[in-house]
């Protein structure tokens, strides 16, 4: 029996058990998800710490939920998301272009990922992280998902800093979009082991389009979303290809039977091209950022990627 026949039969058997799922589970026991829950706890703890240092009653009489004491929220006219002041976020690591470029505080590209502007912002991101991240970690393991999450967050921060230079940016949205991007590239690079693959692809594309579409509203940092998504999309080709079934079962095959290579040729190709693009993108982005380049000087229409003005709202200058 040829290795190719083994591959085809294995894919058919695995797919028949999950016709309604976009992903085909491996025959191995799923990984235990602990890193994503740990990320959720870390984000919640960081928000509590931020609110402790914010201490609204000390400097403001119109705090919301004053019964919380120093953990009460800024007035809604200042922060409608039920959170701290922008000055507190800036002090504790929020992403601000001037401090990154002129004061050499590059660490803000990382710390801003763990900060949130308010309770609403935090809950929305953490629910998304649990829904998307736990399944991915169970399928792919904590190491690869952790790398994708962190690098996508940094990629989102870099692109955001190149365009959003007058406002403070915080949140895990870039990292979350990186997980979405990784889901899409994982589907593409492992195309042959999926059932209902066209439906799965269309579903993911619709989800991504809706989330990016929300980013054209005012006060939403869509550049962080786009940067995180592109980073995760490329990392998925590098980190998430699945070995061919024939290679996985090579120890159980009779002697003399041809064994397929671990990955298919197109998986190697996509992974190599994606790795080159990742290194080039991060290098160019960081060089431009620390040289103080404004992205709008080289892309005049790019402001439409983050906010589209309508009769109902205006877009603030960035």
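Glycine residues also receive a Cβ, built from the backbone N, Cα and C atoms like all the rest.
TrEMBL: automatically predicted annotations, no manual curation.
Summarising the annotation, TrEMBL assigns compositional bias 'Basic and acidic residues' to 1-14.
Annotated domain 'Peptidase S54 rhomboid' per TrEMBL: 104-241, in sequence order.
Taken from TrEMBL, the feature region 'Disordered' covers 1-21.
Under the heading transmembrane segment, TrEMBL lists 31-53 (among others). If you look at the transmembrane segment (31-53), the same-chain residues 6 or more away from its ends with a CB under 8 A from one of its CBs are 70-71, 73, 83-84, 88-89, 91-92, 114-116, 119, 122, 125-126, 129-130, 133-134, 137-142, 145-146, 149, 172.
According to TrEMBL, the transmembrane segment annotation covers 113-134 (among others). Same-chain residues lying 6+ beyond the ends of the transmembrane segment (113-134) with a Cβ under 8 Å from its Cβ atoms: 33, 36-37, 39-40, 42-44, 46-47, 50, 73, 79-84, 89, 92-94, 145, 149-150, 153-154, 157, 170-176, 179-180, 183.
Here TrEMBL flags 146-164 (among others) as transmembrane segment. Beyond the ends of the transmembrane segment (146-164), by six or more residues, the same chain brings 35, 39, 95, 97, 100-101, 108-110, 112-113, 133, 172-175, 177-179, 181-182, 221, 223-232, 235-236, 239, 281-282, 285-286, 288-289, 293-296, 302-303, 306, 318 to within a C-beta distance below 8 angstroms of the stretch.
Remote same-chain partners of the transmembrane segment (170-191), defined as residues 6 or more beyond its termini with a Cβ less than 8 Å from a stretch Cβ, comprise 22-23, 43, 89, 94-95, 112-117, 121, 125, 128-129, 132-133, 136, 140, 145, 148-157, 160, 197, 200-201, 204-205, 207-208, 211, 221, 224-237, 239-242, 266-267, 270-271, 274. Among the features that TrEMBL reports, transmembrane segment is placed at 170-191 (among others).
TrEMBL lists 198-217 (among others) with the feature transmembrane segment.
Sequence-distant neighbours of the transmembrane segment (223-241) (same chain, 6+ residues past either end, Cβ-Cβ under 8 Å): 140, 144, 147-148, 151-160, 162-164, 169, 171, 173-186, 188-190, 208, 211-212, 215, 263, 267, 270-271, 273-275, 277-278, 281, 305-306. Marked as transmembrane segment by TrEMBL: 223-241 (among others).
What TrEMBL lists as transmembrane segment is 268-290 (among others).
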**Prompt:** Under the DSSP assignment, what numbers of helix, strand and coil residues are found in the domain 'Peptidase S54 rhomboid' (104-241)?
**Reply:** 107 helix, 1 strand, 30 coil
**Request:** Report the mean pLDDT of the predicted model across the domain 'Peptidase S54 rhomboid' (104-241), rounded to a whole number.
**Result:** 90
